[in-house]
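**Student:** This structure is in structure tokens; I'll ask about it shortly.
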Amino acid sequence: MAVVTRRSGVSPFAREDSGASRPLRNGWTVRRAYDAIKIQVSTIAISLTLFNLVRLPREAFRYGDLQFLIIYTFWLITLGLPITMLQLTMGQLSQQDPVGVWRAVPILRGIGHLKILTSYLCCVYGMIYAALAFAYLIWIAKGSIPLKDCIKLHITPYGYENKMNASECFNSTFLAPFTEHPQYLGVMAILIFVLWFFVPIMLYRLRKSLTLSFLVISPMILIIAIALASFLSENGSLYSLMEYCENWKAMSEPYIWHSALVQALLSTQIVSGYLISAGGTVYSFSDVRWVSTFVVISNTLSGWLWVLFWEFISGSSKKDLGIITILVLIYQSSVSERRGKEWPILAFALVLLSGVISVLTLLFPVYDKLHRLTGDQWRLYASATSAVGTALTVAVLASGLDIVALLDEMVVPVLAVFTVTIEVVGFVYLYGWFYLTIDVQFVTGARLSSYWIIVWWLTPFILLGVTGWWLRASLRSSWAYGLVLWPVVGILILMIIIIVIFAAIAVAKEEQFNFITKVASAFRPSRMWGPEEPMARYLWMSQRYSSEHSTEVETASDRNNYSHLKSNKSKTYQQNWLTSELYQRSPEFVSKNDKTSNKKDMGPKYKIHDRLKDNDRERAEKFRSPNVCIATDQLGGQSKCSCNRHFTLNVPDLRNTEVSTSL
């Protein structure tokens, strides 16, 4: 007898409260209330990452605050919401990581590895932001502002004045070349090492540690932000914000549309695979529709508030639009406004805590995959990834911020758009929108509106259309200024290589007779696809079967209503298994139209169904496995069943009848 166990999470279809909890009104308990708070805080934490706190305001400063926020909100609603619900649904249904979820379409397994690669790459250069904020927090706390190495006095009619701005301060201290100031790079290397090895400890128990870390860090970020609000400028901020609103011509350029699209994908964690891993763990008890809506709402509010927050702090001073815009803005506003040390310390602590949340969300799908691959030894492999990440981060920092800008503005956007495009194509076009609607209905308990299907069908065309528009404009500008877009070509080649390699591995693992059938089988869901728990899997397969063979799809809470299962059970098992003479026969003799009207009742039939065209169904069933079919006494012999789960078949002498039996 086999015992099925799960590695993480619990089934969303068997919800029981373990242990005694204090009852509240309306059936709530303290435990359930605590779980609900954890889920909401975990969703809010997604909107407090560096993508929203640092990257979004920088892009808004470049293209215009109001214009960028309008387009960003548009992309969140039109594409962010349906893609978020798609990933959460697939994660909650399969209880898998970003790679394992591609059991639905094995030939696209490379997309899952690309998502993990994107998550790890974002973590590499995100550590630089966190380490810089950490370094300045320590240096300002133990010294004074401006820093001693950031003073360049000049005599003016009004006395001595410091002519070194904030950008020059960063470039002369912790971003200085190794040959000029090696001590600063050494300090940064130590801080990067500390962050890479101590922050991941917060994921020691994966889901439980992640939610607990979110519960502690997220309120701290909000409290610090409220404390910093008391230092906001009073007058010039609103005027500088309205000046950007005059240039509405920027909304006709492809750069702002593509930048806002990539920002929406990054802010919602669509590109990192976090939503898929969290769907089966953090959100295993949640309604994916409400979680998706709350993710979009929280990111929309966070984007607007953070842009206004930094706009108010900057005042009317000129902003630096480099890759570390917010860090420069913090230091510059502290010096120009002659604020005390407390303000920059709190501001850099805000960026540092946001960096910690970013690292946790980006590393969670990576560690989830390691846990499934290596079992209890995953922490050892996680330490190895931290060592590699430390070396890569220090190497990128030593190469200068140009490499960081290249990764953030060119490599990651290309990876984000193309992985999401192929992901939607895989689930909607290859896996099939028909099965997708059944899966969403099974997870949510409600029939899926046709609006979502239409948006999913249009998503690949929108993503590729906007990206093609941006690439066309980028190529023209690069040729005009003598630049090359070799990073785009390189990352596209790398993506194709990874997809082809893992597609070849998936095809080689298929148990078919020739190459053509192997490839065809790799485009169909594997036998391991679906819920892991036996009962949930049985309900899921029953719903798929009834949807395929009925004219109308069942609605409203099918997975919680067992009445139809009881009726099926009474019809299915009304025969006497101990006295019936039943045999297994080859799958090609079992078809959809196999009736028993003119024959003796043969008992139940079992069949694994596949959504195929009618003319392909019979041929495909020969290669599907496992197939267990029941036949009558046409072959002779007797069958005996001794228990509910296992049974034995006594067949005639195989040498005489030339009949084989495979169970």
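Glycine too: its Cβ is placed from the backbone N, Cα and C atoms.
Because TrEMBL annotations are produced automatically, they should be read as predictions rather than curated entries.
Below, the features straight out of TrEMBL:
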- Asn52, Ser267, Ser358: Na(+) binding site (BINDING)
- 1-21: region 'Disordered' (REGION)
- 36-54: transmembrane segment (TRANSMEM)
- 66-86: transmembrane segment (TRANSMEM)
- 117-139: transmembrane segment (TRANSMEM)
- 184-203: transmembrane segment (TRANSMEM)
- 210-232: transmembrane segment (TRANSMEM)
- 255-276: transmembrane segment (TRANSMEM)
- 288-309: transmembrane segment (TRANSMEM)
- 343-366: transmembrane segment (TRANSMEM)
- 378-398: transmembrane segment (TRANSMEM)
- 410-436: transmembrane segment (TRANSMEM)
- 448-471: transmembrane segment (TRANSMEM)
- 483-508: transmembrane segment (TRANSMEM)
**Student:** Please tell me whether the transmembrane segment (66-86) and the transmembrane segment (378-398) touch - that is, whether there are at least 3 C-beta pairs under 8 Å between them, with each pair 6 or more apart in sequence.
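**Tutor:** Answer no, regions not in contact.
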**Student:** Using Cβ atoms and a strict cutoff of less than 8 Å, what residues sit near the transmembrane segment (448-471) while being 6 or more residues removed from its termini?
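**Tutor:** Result: 78-79, 82-83, 85-86, 254-255, 257-258, 261, 414, 417-418, 420-421, 424-425, 427-428, 433, 436-437, 440-441, 485, 488.
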**Student:** The transmembrane segment (117-139) vs the transmembrane segment (288-309): three or more C-beta pairs under 8 Å (separation of 6 or more)?
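**Tutor:** Between the transmembrane segment (288-309) and the transmembrane segment (117-139), which are separate recorded stretches, there is no contact, as judged by 3 or more close Cβ pairs.
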**Student:** Could you check if the transmembrane segment (410-436) is in contact with the transmembrane segment (255-276), meaning 3+ Cβ pairs under 8 Å among residue pairs at least 6 apart in sequence?
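**Tutor:** They do touch: at least three Cβ pairs between the two stretches lie under 8 Å.
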**Student:** The transmembrane segment (483-508): which same-chain residues, six or more beyond its ends, come within Cβ distance under 8 Å?
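**Tutor:** Distal contacts: 106-111, 113-114, 117, 406, 410-411, 414-415, 418-419, 422, 471, 474-475, 477, 515, 518-519, 522.
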**Student:** Within the same chain, where does the transmembrane segment (36-54) have neighbours whose Cβ lies under 8 angstroms from its own Cβ atoms, ignoring anything closer than 6 residues to its ends? I mean 6 or more beyond.
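**Tutor:** The answer is 126, 129-130, 210-211, 214-215, 217-219, 221-222, 263, 266-269, 274, 278, 282-283, 285-286, 291, 294-295, 298-299, 301-303, 306, 325-327, 350-351, 354-355, 357-358, 361.
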**Student:** What else in the chain is close to the transmembrane segment (184-203), if you only count residues 6 or more beyond its ends and a Cβ gap under 8 Å?
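**Tutor:** Contacts with the transmembrane segment (184-203): 127-128, 130-132, 134-135, 173-176, 178, 209-210, 212-213, 355-356, 359-360, 363-364, 367, 382-383, 386-387, 389-390, 393-394, 397-398.
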**Student:** Judged by the number of other CB atoms within 10 angstroms, which among Asn52, Ser267 is the least packed of the binding-site residues?
**Tutor:** Asn52
**Student:** Are there three or more C-beta pairs under 8 angstroms joining the transmembrane segment (378-398) and the transmembrane segment (255-276), sequence spacing 6 or more?
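**Tutor:** The transmembrane segment (378-398) and the transmembrane segment (255-276): touching, no.
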**Student:** Ranking 210-232, 343-366, 378-398 by Cβ pairs under 8 Å to the transmembrane segment (288-309), which is first?
**Tutor:** 210-232
**Student:** What else in the chain is close to the transmembrane segment (343-366), if you only count residues 6 or more beyond its ends and a Cβ gap under 8 Å?
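**Tutor:** Residues 45-46, 48-51, 53-54, 97-98, 115-116, 119-120, 122-123, 126-127, 129-130, 133-134, 136-137, 140-141, 145, 195, 199-200, 202-203, 206, 210, 213-214, 217-218, 220-221, 224-225, 227-228, 231, 269, 272-274, 276-278, 313, 326-327, 330-331, 334, 385.
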**Student:** Sort out the residues at least 6 away from either end of the transmembrane segment (378-398), same chain, that have Cβ-Cβ distances under 8 Å to it, and list them.
**Tutor:** 120, 123-125, 127-128, 131, 175, 178, 185, 188-189, 192-193, 196-197, 200, 203-204, 366-367, 370-371, 404, 407
**Student:** Under 8 Å Cβ to Cβ from Ser358 (Na(+) binding site), same chain, six or more residues apart: give me those in sequence order, or none if nothing qualifies.
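**Tutor:** Long-range Cβ contacts: Thr49, Leu50, Phe51, Cys122, Cys123, Gly126, Ala130.
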